[in-house]
Amino acid sequence: MSPDRTNRGDGAPSVPVVPIGVGVLTVAAVFLRWWKLGHQGLWVDEAYTALIANRSFAGIRTALQVDDAPPLFYVFEKPMLAIFGNSEAAVRLFPALCGSLALLATFVIFRRYAPRATSAALLVTGFSSLAIFYSQQARSYSLLHLLSVLSVWTVLRWSDRPTPARALAVVTIALALLYTHNLGVWAVLAASLTALGGWWALGKERGAAKSGLVTLLGAFALGALPWGWNVLQQIGTHRDLNDWMATWWRDHPLALAPLFSTAVFLNGGLGAIRPPVPAPVIDPTNTAIAAVCLVLRVAVAAFAVSGIFRALRPTDRIGRILTIYSAVPLLGLLLTHVGVGPSYVVGRTDTIALFPFLLLVGYGWSKLSRPLRTAALSIWVLVCLLPYAPGVGRSVEKGADRALAQWLGEHIEPGDALVVAMVGRPTLEYYAERQGWLDRLGSFSTFPPVGDENPAAVFPTPLDSVDTYRSQARAIRAAWERTGVSTVWCEGVLLNLEPGFPSMATVPPPDGRFIDANALGYPGSILVYTLLGLEPAPVSARFRRDWMGADRVLLAIPRTRWIPVDSLPPVEATTP
């Protein structure tokens, strides 16, 4: 048997790399990343991506000053939209491209360093449920996945021969990680530890490579200065805007976060752990299928553990490096969550470690006997595909926001005002522009107004701010009166904040066609109260937004129903 070149970096591999069947399956995996790319509507985060990326570069920078995200993803997204338009498919094109290129990078790494593991690595990463899911989401995670694989590649190359060109490649990818997502700093730490380990392994040649290592670290530090300055300014913003990230942990032990992450990284884990990620899963109401899938999940987990243990040999460089890239980001993310603010979202922010972990699993499976390896990979692919099968999987498809915008476009008259709840603006603004009715609006805003500072964020709304919200509502009303607004369309969040699937805008039943401000959540109720007091408001539609909880109503409040400001009853704010 020809030796695997796992621990070498020169020469060509002496074994076939990818059988035809694996090649066909890899093409199928790429196809899944592009399949129905524009079929579903955009949800709030994706619409926010489109709105930001359509701004000038200066506008992108300005918008992100009130966010806690670096700009690189939006900088890459911008030319894609300029070339391919502003459709749902165009907005998701760059993430799908990144997801596909991550498979190519996987092939390149294993073709050179572990050719016998190439097939397993391609199938594990290609048919990862989470990797496919994020390849179709217009967010930065798919780019992070690609960069994490490229980081492994550049560090391996530099460790083989620490030339200036290879050092520059390491620095470039490390900086790209930082400027894509602030939590990329933990992947950079993993790269740094790996590079230092590679330098130490040079033995007697360490002295000659020392200057190159110093140059590498110096260049990185210089390039990271702007990022570091922005992060220091954004820490407070992160605490204020991301309290929702802590909600899931109220019912789950935070100390087990890395364990939850590794479980979710495995196919079938999403349905078992149920993190706040609406990716396709096996329908739990189908008991027969659910029972079979439980067995398959256990098999996947058992094979994964077996594979990882086989990869964790002290002398195995590939296994050691992939372990560092998997473990360091998860532990760093846990420290960030505890020390800085809510940031650990299982199945989302932790996916910076997704691809290294998948590569580790695939690398370990390549060391199993052929029958076991075939069984592991077959079950892996099957569990990935089952959620897409009719009658087996359950998917929370997006489309409610797009339908709501279409409904509004059919009813809004020129000069009307539209007011949405927090995080309600991006999708309606995106679709209003695409559907051609944005210019009809006399006013488009969020209440409370702080929501317009960052339309994709949920700001705190303390009860002791009721006087502020009342003053803001009165100022908004006065502005509408000055400009002659005839009807205010107001999105209201009902008090029953129950999670559920999105639903299209529908005419409410007869007993639900009028509600008063007391039926709405705070502080949106303050605005309705400022117009109508406690008089009933006509409900035009009832709906749920894409991937957001709470039943919502759309109120159409004509100016003829407004009551005089001086006759408004006293305010008593209540929370849902």
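Any Cβ shown, glycine's included, is placed from N, Cα and C.
Unlike curated entries, TrEMBL annotations are predicted automatically.
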Given 64-84, 253-273, which one carries TrEMBL's transmembrane segment label?
-> 253-273
Could you give me the DSSP helix, strand and coil counts for the domain 'Glycosyltransferase RgtA/B/C/D-like' (68-197)?
-> 111 helix, 0 strand, 19 coil
Six or more residues out from either end of the transmembrane segment (346-365), which same-chain residues have a Cβ under 8 Å from its Cβ atoms?
-> 102, 106, 109-110, 114, 117, 120-125, 128, 130-131, 134, 141, 144-145, 148-149, 152, 181, 183-184, 186-187, 190, 245, 248, 257, 260-262, 264-266, 270, 273, 275-277, 279, 303-304, 306-311, 318-319, 322-323, 325-327, 329-330, 333, 373, 376-377
Integer mean pLDDT for the domain 'Glycosyltransferase RgtA/B/C/D-like' (68-197) = 95
